[in-house]
Amino acid sequence: MKFSPAHYLLPLLPALVLSTRQDYEELEKQLKEVFKERSTILRQLTKTSRELDGIKVNLQSLKNDEQSAKTDVQKLLELGQKQREEMKSLQEALQNQLKETSEKAEKHQATINFLKTEVERKSKMIRDLQNENKSLKNKLLSGNKLCGIHAEESKKIQAQLKELRYGKKDLLFKAQQLTDLEQKLAVAKNELEKAALDRESQMKAMKETVQLCLTSVFRDQPPPPLSLITSNPTRMLLPPRNIASKLPDAAAKSKPQQSASGNNESSQVESTKEGNPSTTACDSQDEGRPCSMKHKESPPSNATAETEPIPQKLQMPPCSECEVKKAPEKPLTSFEGMAAREEKIL
């Protein structure tokens with residue numbers, strides 16, 4: 001019954017490592033051997049007890065041999081003590097072995113617990129890694145989407161670059177055209193400057209003739225001869241309707257040069273208006289009608305006016321050179337506008 005703790009510990013050790021099992025098997029073998037030795041010793045003791053009984057029975061017969069028997073008994077007692085001492089030593093050895101096995105079992109349990117904690121920690125690490133893998137997969141998917149978007153944008157940019165290259169070629173071609181146009185414009189400007197000089201001289205001559213005509217009409221004086229106006233027959237005076245329409249254009253272009261002549265004309269016109277009230281109607285009313293028609297309706301003031309020819313009735317052919325030189329001004333403005341627009345675009 002003293003070996004019961006070992007029997008209680010044996011069913012608790014199936015979870016140990018194979019090394020512990022081997023140790024237990026060795027211990028069990030040793031215990032079996034010890035039990036066998038004990039059984040043999042017990043048998044021997046029983047035999048000795050039987051022998052003692054037989055000796056006691058035979059004491060009477062062996063009184064003579066008491067001394068020899070005593071010596072034998074003492075020997076047997078000594079042997080029994082020795083056997084008891086041996087049994088005690090064996091029990092102590094078994095107890096020490098049981099303690100060692102219990103300590104080993106505790107160590108194995110500690111290792112098992114440590115392994116369990118490590119397994120739990122590693123499982124947590126695995127879960128964390130799985131979560132990180134999921135997040136990385138999501139990031140990869142988003143990165144792939146962004147890569148697709150960037151690829152589409154790069155394709156668009158490449159298409160735009162191709163368009164810009166073609167646009168550069170077109171711009172170079174247009175620049176060459178612009179250089180040609182600038183050269184043509186320079187030539188046209190030179191020609192227009194020459195034409196403007198001729199036109200200014202013609203306008204001055206026409207203004208002088210108009211002034212003379214107006215002064216002669218308003219003051220009932222005969223007009224000067226036509227030879228003083230122009231030498232060429234092609235450069236004849238325009239009719240008053242054309243003169244009235246063209247005078248503002250010429251005045252707008254030559255304001256700084258002809259300010260003094262304009263002041264003189266205004267003073268002369270005011271003086272003539274005071275003399276003849278019919279001229280105010282010519283200036284204030286319908287500008288489209290010629291002044292000669294309005295002047296006819298007014299009665300003649302002197303007899304000399306009837307005999308003298310009326311200058312307004314003389315309708316001279318328009319100056320063809322003035323009209324021809326007036327037309328190139330519009331292309332000039334259009335060319336200048338086109339050049340300015342193309343410069344802004346560049």
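Placed from the backbone N, Cα and C atoms, the Cβ positions cover glycine too.
The coiled coil feature in Swiss-Prot is assigned to 16-211. The compositional bias 'Low complexity' feature in Swiss-Prot is assigned to 250-261. Per Swiss-Prot, compositional bias 'Basic and acidic residues' is recorded for 286-298. The N-linked glycosylation site annotation in Swiss-Prot covers N133, N264, N302 and rests on sequence analysis. Marked as region 'Leucine-zipper' by Swiss-Prot: 164-192. The region 'Disordered' annotation in Swiss-Prot covers 221-240, 248-346. Residues annotated as signal peptide in Swiss-Prot: 1-19.
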Helix, strand and coil totals (DSSP H, G, I; E, B; other) for the region 'Leucine-zipper' (164-192): 29 helix, 0 strand, 0 coil
N133 (N-linked glycosylation site) - helix vs strand vs coil (DSSP): helix
Confidence summary for the coiled coil (16-211), mean pLDDT rounded: 85
